[in-house]
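Record features, source TrEMBL:
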DOMAIN    21-239  domain 'MacB-like periplasmic core'
TRANSMEM  21-45  transmembrane segment
DOMAIN    269-387  domain 'ABC3 transporter permease C-terminal'
TRANSMEM  269-290  transmembrane segment
TRANSMEM  310-340  transmembrane segment
TRANSMEM  360-381  transmembrane segment
TRANSMEM  402-426  transmembrane segment
TRANSMEM  432-457  transmembrane segment
TRANSMEM  469-489  transmembrane segment
TRANSMEM  501-522  transmembrane segment
DOMAIN    540-732  domain 'MacB-like periplasmic core'
TRANSMEM  543-561  transmembrane segment
TRANSMEM  800-828  transmembrane segment
DOMAIN    807-917  domain 'ABC3 transporter permease C-terminal'
TRANSMEM  862-886  transmembrane segment
TRANSMEM  892-916  transmembrane segment
Amino acid sequence: MKASMYFNYTSRSLVRGGQRTVLALFCVAVGVMAIVALQLVGLMINNAFTSNVRDANGGDIAVTSNNQPFNGDDLKFFDTLKKDKVISNYTPVVNSQASSGSGSISLRQSFSVRVVDPKVYPLGTPLSVKDPKNATVVDLLQDKQIIVTQAFVDQYHKKVGDELDVRVTSSDRQARVIKTKIAGIVDNSGVLSQAGSVALISLADYKDPNAKVAQTYDTVDVSTVDKAHMNDAAKKLRDNFPIANVRTVDDAVKNQQATIDNIRKFLEIAGLLALLIGGVGIVNTMQVLLSRRKTEIAMLKTTGYRRFDLYLLFGLEAALLGLVGGVLGAAASIGVSYLVRNIVQNTFLLNIPFILDYTTIVGGVIIGVATSLIFGLLPIVQAANIRPLNVIRDLPEGKGAGSLVLTVFLLLVLSVLFCALSIVILNNDIRLGIGVVYGTFIFLALLSVFFGLIVWFISRLPVPERFSVGYLSLIVLGVAFALFLYWVLPNYLNFPYLQTFGLIFLVISLLGLLVVVLPRTWKANVKMALRNIGRQRARTTTTMLALFVGIFTIGLILILGQDLRDQVNDVISKTLNYNVVSITSGNDTQKLQDKLSSLNGLSSYQRRTLASTVPVAINNKPLQEILPSEGDKAKSGPGSLGRGGALYFLSGVEGYDVGNNQFPSTKDLQIIQGRNLNASDEGTDNILIASELANLDPFHLKIGDKITLAGQDRVSIKTVTVVGVYQQSSLGGSLYPLLGTRNSVKALSPGGVEQSVFYMKIDANKLNSAVDAMGKTVPNAFVLNLANISDFVDQLLNDILLTLTTIASLSLVAGVIIIANAVALAMLERRRELGILKSVGYTSSSILSEVMIENGVVGGTGALLAMLLVTGAISVLGALAFGATFGVSVPMALALILGSAALAMLTSAIVAWGAVRVRPLEVLRYE
């Protein structure tokens, strides 16, 4: 047979397929679109974090120390390293949080200020100045001028030339306002790639001429000539600064790569799920495409075509289908990836450049071809095995043991091939590919068996002409089951939200009474709809399963997000008993204390003292001998605080005036070992530590242990004794993790000058005026406004939910295509039936209503079962992961169930609109 014959036959067969071919293309295109779009987003995220790690790290090495900032003497060590040519250059940096204006700092209206030396910063790629063109950092950062990032401009809607009052907080928690002018705008790239809203200011303009202490720096960026010098410098820096965090470029890559790999795998698995659902649609479509050509296949075989020839013909047809669908899906994936990338970027405040990887896009076309061939294997082999004699004599094909064995074998081959494709998509991760594919197959197979029983039961539901004893008994059983769900089961299983589904089953049961009294035509439509559900049970089960997967994923995300939001807001409202925090020192403390008695709207407050500390030794053993410096032990994980966590829990002491009966409140914390502070601790250096220090590596502290702490001036040193271990039971019980006495705080305060923190509860309606009054009284005080913390949390959760729901919706889109596919195939199979119905008086509207009822029942049932599983999953997640009782919102559950039914009805109406308008003469002419 000539090669041209293969191409001509397959291409013309697809063209003649018409609507069936279009549906198959949609199935391929949606799957390819999902997998390629999510792969592109994963690559964009990977590129954003790993394309230039050196710039993002600030240099070859970034040395940070928030507990013990670097001073002038520390910088001499960097000068020594530079003189010895261990490092090539360095630049100290100050990072501070700020807000615009002279008011308080708010969680939602804050930005970062980065204080730099414009002659040296950055060490890597120069900043990309957008406005003004061809300007340099040295030219712009002078005379109280600042440079802001594009993210800052987007947040505050500023432009070059605007004046800006920047309220910054120094390392000693004193706030001041710097009057500045925006001189330039830079891209969020290079060293600022993931920095968000940042304002750059020169060190000369930032320094406070009235400051009583020398300028300190929290970060030093370092550059070296090669990797060997980088590792040598990192070792020397770790030895000289045991408290600091020394992060090389290799460390940054290793830390980021694990997270990025997990994100990419999640996106790829989500895409694979949509591809699998699309593949199921291909199976259904090709089965009908080939089964309607039985006569044609029989004629080919009688004229001498062998089974191999038919495999080749139909395989080429499937490949061509996959090629066109893959091209369409790959093209559509570009737009979808842009949408998902924007959502992820805005949700997590990242800078993700939109970059297309053409290898991935072309690979999507190949995936389309491979998917069509894999899922087309079963219908192709079944079609090629058609016996011409059975077709000529109009005999049914055999359904014996041999046919069953062949089908099972083909399904196994299909699963192996799809697993191989998945492993390739998952970057050759064999274990993950096998686990994901076969885990999904087993789960879906079990669901299919259950759904098959549900479909059989629905198709057998009676639609009687009149009431009977048996029918009324069935209604009574349904009502009894609904009441059991509503009243009995929640009491025994502690699942009160099952009442929602009890009400749903009650409504369904009572609808059985309504069916009996419906007009005869309506009743006939309902009965035909129910019976049609069971005619193609496998296809109906597949449709229900596809909707189930989409609704389950979206429902779980939305309801879990709502429960988390409610839980967080409940904790905030019940445990956060203040909404303004102010930190003062020196004379400002007494000024604010005097003002509180007349502060409008203040209902309660607490005052404590603070001291930032640096751990020196534990039980006289130097900290550097205990604290892991590098490697896996330095990372936090199960059973370990890691280096950063260990330093945090020893980073500050909050002092209580125990002599005047001020103790840590048992409403905010629970003493799990030892005792609480009491009046006898006055004048002592006894402290409470967090339970993490007692239970986790690397310390495992116990009652009686001694901790040597140093103040930020590195002169004040005090050894404190552990007398109790506490566990937080509320939000924001204290600012610092170590809870001690005012005696310890004063001893650790530079120069003996204490800092005080005021926790204030102010009426929300009078909050702004109260904060303004505090600002006038103590203009240098640090004031943090927490009034909008609930809104901040809600917005953050909403953004995360939007991202996850968008990704999950790709599976739902594939499910909708399956519905459209099933309806179109049903209309093609029922052409003769439609013609007969119309010839006996049925109208197009009545037939369309029957189709809509049929698919509405399927969609609603799939969603109902999905929400039942969501109910169980939410309960388990709440109890195991969050230690809380989570419930299902009645309005949201009903919205998802009814929305799914409406979506199925709408899709079926659109697809069946033209088919139900067929003229009887056209269908029955050749009968």
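Residue numbering: from 1, along the chain as shown.
A Cβ is built for glycine as well, from the same backbone N, Cα and C atoms used for every other residue.
Annotations in TrEMBL come from automatic prediction, not curation.
At the 8 Å Cβ threshold, with sequence separation of at least 6, the transmembrane segment (543-561) lacks contact with the transmembrane segment (501-522), having fewer than 3 such pairs. The transmembrane segment (360-381) makes no contact with the transmembrane segment (501-522), as judged by fewer than three Cβ pairs under 8 Å among residues 6 or more apart in sequence.
Highest Cβ contact count with the transmembrane segment (800-828) among the listed stretches 21-45, 269-290, 469-489, 892-916 falls to 269-290 (criterion: pairs under 8 Å). The domain 'ABC3 transporter permease C-terminal' (807-917): residue composition by secondary structure is 96 helix, 0 strand, 15 coil, according to DSSP.
When the domain 'ABC3 transporter permease C-terminal' (269-387) is classified with DSSP, helix, strand and coil residues number 100 helix, 0 strand, 19 coil. Looking at the domain 'ABC3 transporter permease C-terminal' (269-387) alone, the prediction's average pLDDT is 81.
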